[in-house]
Each structure stands twice: as structure tokens, then as C-alpha cells.
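Visitor: Sharing a structure, written as C-alpha cells. Questions coming.
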Ligand SMILES: *[C@@H]1O[C@H](CO)[C@@H](O)[C@H](O)[C@H]1NC(C)=O
């Protein structure tokens, strides 16, 4: 009998310890070490959004050839996230009303068929609620304003054009050159993200990191090839696509039209 009781007590202890561990883990799960600030190239995002979806259209910032903010992502070293740190503190457009028109240009939701607030709601609910753990980012207005500040401070348009790295649908860019250019301007290498669509590799994002004091630092734990932090295949062409439909596409279409006209009038 006493044996049974000690087994039972032992079991309860284990169970309690387990529950306690679960609790402390869920708090630890919300902790993070640094922020990833991600800028996106709207034209590449548009290719992803419209790929095989003829009903999808894109919204571009007024300055169509401008990099925009994707998000500020708190990250624990060696992992992704944490995410969704406060599921009751949802995005509220009223909170960013004072900077809404700026946000539309700097933090543009490319996906025309979704609500204007779609991207901001996603970024705040998933990442902002975790970023809010530090004072400079502890409100929706602060989080989104910081994105605009970071963009103005580390604008990839200025950085890339200074080295003559410009969008082109025919001349690919070199990841090593993009990396070296950013490093020479701001002192840290960026993470270079690519996306494949129909066998073409597009430059889609450039990310830099910040510590909790919001000092720039190199992103940790990223995949590195030949000194470049990237998920791109650096042995293959990387296209940094132009913002407007390429002129030669219009010429091809004109050519097809003339062919058709010739056939029609024969
Ligand atoms: C979640 O956010 C709300 C609104 O800001 C706040 O009152 C609450 O304390 C937060 N909860 C946690 C667990 O941080």
C-alpha cells in the first residue's frame, strides 16, 4: 500500500514538474535576440502574387521603383520567430492613422485583391506583438514608424544605385556585388533573398539585423555561400526586375499583331 502511495506521489511530482516546465517554456518561447529588418522589391513581389493567377493585380508605391518595407521580425538565434506573442492585441488601423499615407508608400501591400490593411495586420499580429517587448517598439504606431525610419536610413535604392546596380530584366545582378555594396555603405552584409518563378531567379528581399538597442548588426545564423548570406543560387543568374513591363515585351506583342494582320489580309 505504502509502495503504491509513493509511486503515486512520484508520479504527481513528475506531472507537476512537467506542467511547470511547459509554462516556463511558453514564456521563454516569446523571447528573442535580434530584429530582422526586411525590405522587399515590389516588382518581384508582384511576380509572386500574379504568378499563374490572372485575376491578381499589384499595387505599387507612387515611386514604382522604390524598395518598401516587408517587416521587422524579432528572432531568436538559430530559430525563426517567436510569433504571435499577444493574440488579443490585434492590429487596429486607428493606431496608425497619423502615418497611414506614409505607410502606403513605404510599407505597401502589393496584393491589390486584399484589404489595404492586410500586410500591416499580418506583420503586427505575427511579429509586432513580439517586438513590442522593447520600449522603442511597444505600440503599433512605434513599430510602424520604426519601419519607415529604418527604410529612410538604409534605403536599398540609394545603396544599390550608388554602385550602379539597377533593375534590368536582361542583365542579371551578382549576389557578391550586392552584398559588398551594402557592406561598404552600412558596414554589415545583408541577407539576400531570392524567389524562383518559372525557372527565373528573382531578387526579392534584402534583410539587415538590429540588436535590442536598435544598433545595426549582421544577421546571425543565416545560410552563407562564398561569403554571401543568401538563399539564392549564386551560380545562376539573379534578376532584379524592372518596375514596368519591359519594352521588348510590347515589341514582341506588336510583332505578333503584325504577323496576325499579315495573315488576316492575305
Ligand atoms: C496583450 O496586449 C494587451 C493590450 O495591449 C495588454 O493589455 C495585455 O497585457 C497583453 N498581454 C500580455 C500577456 O502581454
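Our numbering is plain: 1 for the first residue shown, then up by one each step along the chain.
Cβ atoms here come from the backbone N, Cα and C positions, even for glycine.
In case it's useful when we look at the structure, here is the feature table from TrEMBL:
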type	residues	note
SIGNAL	1-19	signal peptide
ACT_SITE	70	active site
ACT_SITE	123	active site
ACT_SITE	127	active site
Visitor: Whole-number answer please: how many Å between the C-alpha atoms of residue 127 (active site) and residue 70 (active site)?
Guide: 11
Visitor: Using Cα coordinates, what distance in whole Å links residue 70 (active site) and residue 123 (active site)?
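Guide: About 8 Å separate the Cα atoms of these two residues.
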Visitor: What are the sequence-distant neighbours of residue 123 (active site), meaning same chain, six or more residues apart, C-beta distance under 8 angstroms?
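Guide: Those within reach of residue 123 (active site), by Cβ under 8 Å and sequence separation of 6 or more, are 70, 71, 72, 107.
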Visitor: Determine the Cβ neighbour count for residue 70 (active site): the number of other Cβ atoms within 10 Å of its Cβ.
Guide: 24
